[in-house]
Amino acid sequence: MDIDLITNILYAMIRTGTPLLIVALGELVCEKSGVLNLGQEGMMLMGAVVGFIVTLLSGSLLLGFILAMVAGVLMSLIFGLITMELSANQVATGLALTIFGTGLSAFIGSEFVGKPIEGLDPVFIPVLTDLPIIGRMLFGQDLIVYLSFILFGAVYWFINYSRPGLVLKAVGENPHAANAIGLPVFKTRYLAIIFGGAMAGLAGGYLSLAYTPLWAENMSAGRGWIALALVVFASWKAERVLLGAWLFGLASILHLVFQGLGFAVSPNLLAILPYLATVVVLVILSSNQTRSRLVAPMSLGNPFHARG
Amino acid sequence: MKQHSPPPRLSLRGITKQYPGCLANDDVHLDIAPAEIHALLGENGAGKSTLMKVIYGLVKPDRGEVLWDGLPIEVKDPAQARKMGIGMVFQHFSLFETLTVTENIALALGDDAGALDQLAEKIRTVSEKYGMTINPEREIHTLSVGERQRVEIVRCLVQNIKLLILDEPTSVLTPQEVDSLFITLRQLASEGCSILFISHKLNEVKALCHNATVLRAGRVSGECVPAEEDTTSMAKLMVGDDTPVSTTYPKKLGSTPLLCISDLNLHSDDPFGVHLKHINLTVNAGEIVGIAGVAGNGQEELLASLSGEHLCPDGKTITFAEDAVADLPPDQRRRWGLGFVPEERLGRGAVPEMSLTENALLTGFLSGLLSKGMVAWKKAETFADQIIDQYRVKAAGRHAQADSLSGGNLQKFIIGREIMQNPKILIAAHPTWGVDIGAATAIHKALITLRDQGAAILVVSEDIDELFLISDRIGAICNGALSPVKPTPESSIQELGRMMAGDFSQSAHEGSATL
């Protein structure tokens with residue numbers, strides 16, 4: 001295997017892993033607050049279609065990305081209203097949101113399938129781009145990839161070192177206790193849901209504006225589900241989300257690697273790798289009761305009603 | 001009394017709170033002066049919890065006003081209450097298990113917490129000053145129940161506190177821990193802090209509190225100076241005149257072993273669980289054995305082993321009259337004649353969404369409620385009605401869902417359901433938890449009657465007074481190990497307290513007697 005191939009694989013690994021990383025960071029924050037939103041796929045698709053249409057009509061990529069995030073936030077607010085105000089089951093609501101987003105995005109985007117736009121170009125960072133092997137991987141990417149690095153740093157710091165991050169974890173562990181000591185449970189959960197929506201929208205926009213600059217029905221192709229698996233795979237730790245996103249990115253381009261090496265392996269077979277990895281991690285986690293109880297947010301998926 | 005005495009620190013005027021179907025507080029008045037330790041006495045369901053939630057801003061009263069240092073205020077939420085200097089120690093702790101002591105306290109302090117390392121230092125200083133040493137770096141799930149309560153109290157003390165509310169603080173402590181808690185509280189009061197001590201334990205109120213307000217059915221039924229009253233007169237205020245407040249039951253000792261546990265070891269899978277170590281216990285026919293202990297010392301695991309929720313590979317570990325049952329599932333043990341009242345009422349004692357009839361059927365199906373594999377609904381309904389009637393369960397009828405009943409009433413229903421099946425062995429956890437005194441007496445009488453019919457009864461409870469009242473032999477469980485079990489008249493509260501704390505040594509002359 002020559003240096004060029006390795007460089008390219010690493011480059012593609014990060015690029016493929018970026019939308020996963022962004023969605024998974026959003027879902028991580030959301031789940032840390034005790035809310036399980038299975039609507040990632042629907043929110044991503046809405047972000048993708050809205051971002052694409054806006055950019056096509058306005059010619060502005062920036063506007064496209066912003067409105068992609070707005071679309072994600074609006075979708076997440078639907079989820080928030082139903083699960084928080086009406087105390088509906090989070091799993092059912094999330095699934096409904098995915099089905100709704102898939103259908104609605106196909107409907108809105110039906111006129112725009114196959115139309116071309118100018119996608120997001122890479123920004124080469126002088127000198128660093130020319131580093132062997134890792135130059136292209138880390139310093140020859142587009143702006144959203146760089147943004148994903150910053151987002152990771154921000155989420156990592158937020159969860160582990162900031163006071164609002166502590167509140168987030170407290171609410172996710174025991175919302176009743178949090179309410180009793182005066183922490184804003186509803187506000188925290190809403191903000192976490194909205195952040196999750198914004199990240200899903202951004203990741204959707206990345207797919208239709210940068211990764212493959214076009215709109216196609218159902219173009220997220222299960223990435224929302226992979227991201228959900230990824231959060232579990234990462235056992236709710238930000239640094240493992242980063243690692244996992246890139247690993248999953250690598251897994252989904254493995255068939256190209258094998259082609260380069262002269263093997264022919266079905267890409268469908270390789271596509272199961274992320275899920276297989278997640279199952280393995282789940283088995284390892286649940287083999288130890290202590291670990292499995294302490295690792296996931298304790299009230300994950302439980303609705304909260306203020307009593308009294 | 002000085003001429004210009006300061007206004008009370010806290011003054012409640014005519015607080016009224018109506019819940020659907022229940023008037024929780026009805027025109028309640030209460031004054032607490034600075035440096036005063038004030039007791040709020042009342043039975044479960046008398047409205048103590050609601051009143052304290054009103055003070056802490058968790059519940060908005062329908063009518064009435066709250067005065068703080070003489071000025072009318074409205075406490076909107078707990079955050080505001082905390083800012084005013086009100087601290088609260090909850091009966092069910094509001095701590096986060098996966099976070100450290102410092103992080104937990106930082107969360108409660110809000111923006112005043114400051115840097116975590118400085119806060120940790122402050123926690124150390126404060127906790128040592130009041131004689132409640134805790135290590136700020138430990139995660140809550142590694143702490144004992146008593147230590148968790150210290151964290152809750154220290155959490156209030158690191159702020160500038162003017163009123164400390166404690167909700168049934170002693171229910172989770174050993175008698176020795178209670179003594180040291182009282183020392184802390186007296187020290188705190190002498191420094192000017194007001195304390196509202198919520199309890200239904202008269203002896204503790206007498207020992208600690210300057211004044212007491214007694215609630216009954218949501219109304220103030222009396223005010224008194226506990227030191228000048230005897231416990232009977234205070235109990236009358238709590239329960240009214242028509243309920244008998246003290247009874248004693250003759251003690252009996254059986255001789256035919258019915259329930260035997262020999263060398264039961266259990267490794268708990270739960271990270272917060274307790275491992276059982278070499279438990280040996282015999283309960284004879286015709287006696288009640290009481291096991292005391294602070295919650296979380298292995299009671300749950302012991303009960304699960306006895307009910308059959310947890311199976312032992314060696315069947316002989318637990319025997320019912322020489323029949324090895326430790327490897328049998330719950331239904332087969334019930335078929336043998338076991339009655340079981342679990343700790344958790346909703347979820348394990350009863351299915352919340354099911355009607356009382358269906359819940360009666362759940363364990364009663366063995367006593368003739370089935371015919372040829374089909375449910376005999378008429379019989380099941382009669383059975384449910386009998387329980388409701390005999391145990392005076394307040395419910396909308398046998399069709400009421402289990403979760404529509406108050407905790408105490410559901411407890412009566414579950415106890416009734418088990419006792420009315422005339423079990424040969426009855427295992428009951430906290431039989432009167434949350435039940436008013438009148439109903440508790442009825443439950444005690446039913447247990448005694450069952451004993452006199454020759455059943456072996458094992459009662460696991462945190463209520464020491466109850467255990468001394470009904471047990472024929474008594475012991476304690478601590479950290480998964482069982483103390484020696486002695487006839488109740490030969491034991492004392494002090495000795496049992498030591499055993500609850502894990503000191504199983506016999507006092508000197510008894511030690512020599514066994515040599």
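Count begins at 1; order follows the chain as displayed.
Using N, Cα and C of the backbone, Cβ positions are placed for all residues, glycine too.
Those TrEMBL annotations? Automatic predictions, nothing curated.
Residues or ranges marked as transmembrane segment by TrEMBL: A:12-30 (among others).
Remote same-chain partners of the transmembrane segment (A:42-59), defined as residues 6 or more beyond its termini with a Cβ less than 8 Å from a stretch Cβ, comprise 19, 23, 65, 67-72, 74-76, 97-102, 104-106, 108-109, 112, 115, 117, 196-197, 200-205, 207-209, 214-215, 218-220, 223-224. Sequence annotations record features per position, and here TrEMBL assigns transmembrane segment to A:42-59 (among others).
Panel annotation: around the transmembrane segment (A:91-113), residues 36-46, 48-50, 52-53, 56, 75, 78-79, 82-83, 215-218, 224, 301 of the same chain, lying at least six beyond its termini, place a Cβ under 8 Å from a Cβ of the stretch. The annotation transmembrane segment is assigned in TrEMBL to A:91-113 (among others).
Long-range contacts of the transmembrane segment (A:133-159) within the same chain, counting only residues at least 6 positions beyond its ends with a Cβ under 8 Å from a Cβ of the stretch, are 3, 6-8, 10-11, 13-15, 18, 21-22, 25, 28-29, 32, 65, 120-125, 165, 168-169, 199, 202, 206, 210, 238-239, 241-242. As annotated by TrEMBL, transmembrane segment applies to A:133-159 (among others).
The transmembrane segment feature in TrEMBL is assigned to A:190-209 (among others).
Marked as transmembrane segment by TrEMBL: A:215-234 (among others). Among residues of the same chain six or more beyond the transmembrane segment (A:215-234), those with a C-beta under 8 A of the stretch's C-beta atoms are 19-20, 23-24, 27-28, 31, 38-45, 48-49, 52-53, 98, 102, 105-106, 109-110, 112-115, 200, 203-204, 207-208, 240-241, 243-245, 248, 274-275, 277-278, 281-282, 296.
For the transmembrane segment (A:241-258), same-chain residues at least 6 beyond its ends with a Cβ under 8 Å from one of its own Cβ atoms are 9, 12-18, 20-21, 24-25, 28, 152, 226, 230-231, 233-234, 264-267, 270-271, 273-274, 277. The transmembrane segment annotation in TrEMBL covers A:241-258 (among others).
Summarising the annotation, TrEMBL assigns transmembrane segment to A:264-285 (among others).
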Remote residues contacting the transmembrane segment (A:12-30) - C-beta distance under 8 A, at least 6 residues beyond either end: 36-37, 40, 44, 137-138, 141, 144-145, 148, 151-152, 155, 158-159, 168, 192-193, 195-200, 202-204, 206-207, 211, 220, 223-224, 226-228, 230-231, 234, 236, 238, 241-242, 244-250, 252-253, 256
